[in-house]
Amino acid sequence: MAPVLSRSLATASLASLPSSSPLARPSLLRSAFLPPQVGRGNCFSAAAGLKWKQRERRSRLAVRCEAAVAEKEEASGEKFEYQAEVSRLLDLIVHSLYSHKEVFLRELVSNASDALDKLRFLSVTEPSLLGDAGDLEIRIKPDPDNGTITITDTGIGMTKEELIDCLGTIAQSGTSKFLKALKENKDLGADNGLIGQFGVGFYSAFLVADRVVVSTKSPRSDKQYVWESVADSSSYTIREETDPEKLLRRGTQITLYLRSDDKYEFSEPTRIQGLVKNYSQFVSFPIYTWQEKSRTVEVEEEEEPKEGEEPPPEDQGEKKKVKKSKTEKYWDWELANETKPIWMRNPKEVQKDEYNEFYKKAFNEFLEPLAYTHFTTEGEVEFRSILYVPGMGPLNNEEVVNPKTKNIRLYVKRVFISDDFDGELFPRYLSFVKGVVDSNDLPLNVSREILQESRIVRIMRKRLVRKAFDMIQDIAESENKEDYKKFWENFGRFMKLGCIEDSGNHKRITPLLRFYTSKSEEEVKSLDDYVENMGENQKAIFYLASDSLKSAKTAPFLEKLVQKDIEVLYLVEPIDEVAIQNLQTYKEKKFVDISKEDLELGDEDEVKEREIKQEYNLLCDWIKQQLGDKVAKVQISKRLSSSPCVLVSGKFGWSANMERLMKAQALGDTSSLEFMRGRRILEINTDHPIIKDLSAACKNAPDSSEAKRAVDLLYDTALISSGFSPDSPAELGNKIYEMMALAVGGRWGRSEEEGDASPSVEADSSTGEEATEPEVYEPSEVIAENDPWTTD
C-alpha cells in the first residue's frame, strides 16, 4: 500500500490538494518530506537522504495517510446524469442511421417477425398463450385515400409496462433482452431466428410518418393499450383501448400516418408489395398485403336490338336477356413471400429445377445458370449460401472493372440487408458470381445497412471465394466441354483480371486460363495441355502478345519456333500480357516473351554462332552507325528464318503490344513513355538475300547513299512488321515511293514522251488509233436534259 501512496503523492500537483490540507503550501510540503537542512538546498547527498529516511519513517507514514485521504476526497465528486433533448436525439437517430427511407418497412416487419417468434417459443411451455387468436402471420394494409399504412401481427403483444420499457426507452431492445434471458436459462436454449438487437428499428417509422399509433394486446393481460407519438416530440401517450371495433385478440397493430411528401409513394399497394418481396421475402411467417385484383364474372344484360332491326311483336313488352363476361376489380389479401429460402434446406433434398427456378426469381434472369453450389459453413463463422455462375456475361466492359454490383444478396436471419457491396464479400474479378449469403452473426452497423469490416467478414470472404473457384473448376472438368467454352467466352476477362489483382489465388486461377496457340488457332487451350505437350528440351512457356490473332500468326518472331515445332501462346486481348507478367511461372516453367531480347531456344550451336558473328560483325557495326540512336545495338537473330530482320524490345522494356496499349490510355503519362519502352534491338537474318547484299555494300561501298537509304527503309519496315508504330508515317511513305520509283522505273518500256502525255492521249495510243482533239462547246450551247428553262 505504501508504494502506491508514495507514487500517487509524488505525481500529484499542488493544485489538486484541498486548500485546508497542510500540504497545500510548498513550504509545508518541503518540511513534511525533508529535514530542515535539506529543504533549503537544491539537492542533498544520498547518505543524508538515507539517514533522513530512517529517522522519519513514522512521520512519513502519517504524511502518506493524509495524502491518501486528500486523494480520496478529490476522486469522490458529485455525480450527474447526462441530459438530452429527446426530440432532437430521436431526429438524429432516425435520419442519421438510415440512408433509404424504404427500410422502415423492413424494420417494422422484422419486429413483427420477432414478436411471432417469441410467441412460438414461449407457447412450447405455455400453450395457453396461443389461445384461439388464429394463425401466426403478418398483414400489411396500405390506404392511399387516407395516406396510412397498417401493419398487424398476431405475435406476443405487449403489456403497458412493456410498452413503456420498449417503445418509451430509446435503444432498448426487447428482443435483445429476451435473447439474454434465454441464454441465461440454458435449459430453454436460445432461438437464433430473432432479428432485433439494437432497439432503434421501431423509430425508423418516423422516416416516413409524422404520427405513429401502436395498439397492442398481450395474451398475459386482459387489457389492450394504445401508444401514440408524433414526430419531433419528446413525449408519448399511452391509453387503454375501449372501442370494441378496434380490439385485437392478440398481437400488435402499428398505424403510420404518412408525411405529405411520402404519402403517394408508400401508400401505393404495389410499392409495398415490392418492398416486402425485396427485404422480407424469406421471413419465416406468411406476410399478406392488401392488393387490388381483378376477376371475370358472368352477368345478365338485356340484349339491345341491332340498328335498323325491329324486335318481333311477341317481344315488344320485354327485352331478351343474355349472359356476358365482365371484368371487375376488388380488394383482397395476397401472399407476398411465397418463395421459400431453399438455402435453409438440405442440399441433398433440393432438385436442380428448384435451384434454377430460385435463381430466375431472385435475380430476374431468363437463362438458366451454368453452375451452382449450395453449402453450409460451420465453425468460427456460420453461414449458408447458394452461389451461381450466370448463363450470360455482362454486356459491357464497365461491369468488369466496377466492383459494385447487385449480384450478392446478403441476409441476416433471412431478412435482406444489402446487395450493394464494394468488394467486402467478393473480389472485383469474381463480381460476376451471383448468389445469396445468410448468416446469424454478421457484424452490422446499427442501421443494418453496412457490413462492418472485421475478422469474421474476412473469413467469410475467403470461404466464399474458395467455393466459387471450386464451382468454376467443376465446370472446367465437366464432360461437356461446351459449358466451359461458354464460360470462358463470357467470363475469361474476369479470370485474367484475377491474375493481376489476387496473387494469393494464382494457383486456383492459372489452371482455368485458356489461350490460342500456334498449334491451336481455332480452339483455346489450357496451360496444363501446353505444358503436357512441351518438348524435352523446352524449359519455358513461350508467348507472343499482339492486337489480333491474325497479326500474331504472321509475326516474324514465330518463324524459327514454328520451324522447330515449339508451341507459342497467342495473347490477343489487351489484358493478356499484363496477366501473364503477373503470373511469372506455372509448374516451375517461366513465361518468356519471344518478342524480347536474349531468346534461348535450347539447341544453339555455339561454334557456328561464333563463326557467323565474326563474319557479320562489321555489317552489324555499319548498320548501327547508320541508324544511330534509333536502336541500342544490331545483332544476329536466333528467331528468324524467312524475314530479313526484326526489331525486338529490351529485356525490361515494354513490348510493341504494351507500348501500343500505353499510348492509347486516355490519361496516360506520355512523359515516361520514352523511359518505359526501353531500348530496341535490330536483329538480322544472315541467310536472307537482302542482308547478304547489304553485307557486300558494307565491304565494297560503305558510303553509298543508296545502301544507306536501304538500311533506313529496312529499319522502318522492321518497325512495322514487329508491331511498333512509326514516328512519322508520311516520311515512311515517301521512302517507299522513292524505292518503288527506283524499282519499277522504265521496266515495262515506258518512254519519256509517254510519261509526259495525258492519260487520254496515252489511252488512245495504246489502242493504236490517232488521238483527236476533243470537241469544245461554248457554255451557252450546253443544254442539260430535262432543263426546265428550255422551251420547244
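Keep in mind that glycine also has a Cβ here, set from the backbone N, Cα and C atoms.
The domain 'Histidine kinase/HSP90-like ATPase' annotation in TrEMBL covers 100-262.
Taken from TrEMBL, the feature ATP binding site covers Glu107, Asn111, Asp153, Met158, Ser173, Gly174, Gln197, Phe198, Gly199, Val200, Gly201, Phe202, Thr252, Arg448. The Cβ neighbour count for Gly201 (ATP binding site), using a 10 Å radius and every protein chain shown, is 26.
According to TrEMBL, the feature region 'Disordered' maps to 296-323 (among others).
Among the features that TrEMBL reports, compositional bias 'Acidic residues' is placed at 299-315.
Taken from TrEMBL, the feature region 'Disordered' applies to 748-792 (among others).
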Legend entry - DSSP-derived structure type at Thr252 (ATP binding site), helix or strand or else coil: strand
Inset, instruction - Among the binding-site residues Glu107, Asp153, point out the residue whose Cβ has the most other Cβ atoms within 10 Å, with all shown protein chains included in the count. - result: Asp153
Legend entry - Secondary-structure category, per DSSP, in which Gly201 (ATP binding site) falls: helix
Legend entry - Cβ contacts of Thr252 (ATP binding site) (under 8 Å, same chain, 6 or more positions away): Ala112, Ala115, Thr152, Asp153, Gly155, Gly157, Met158, Val214, Ser215, Thr216, Lys217
Inset, instruction - Give the three-state DSSP assignment (helix, strand or coil) for Glu107 (ATP binding site). - result: helix
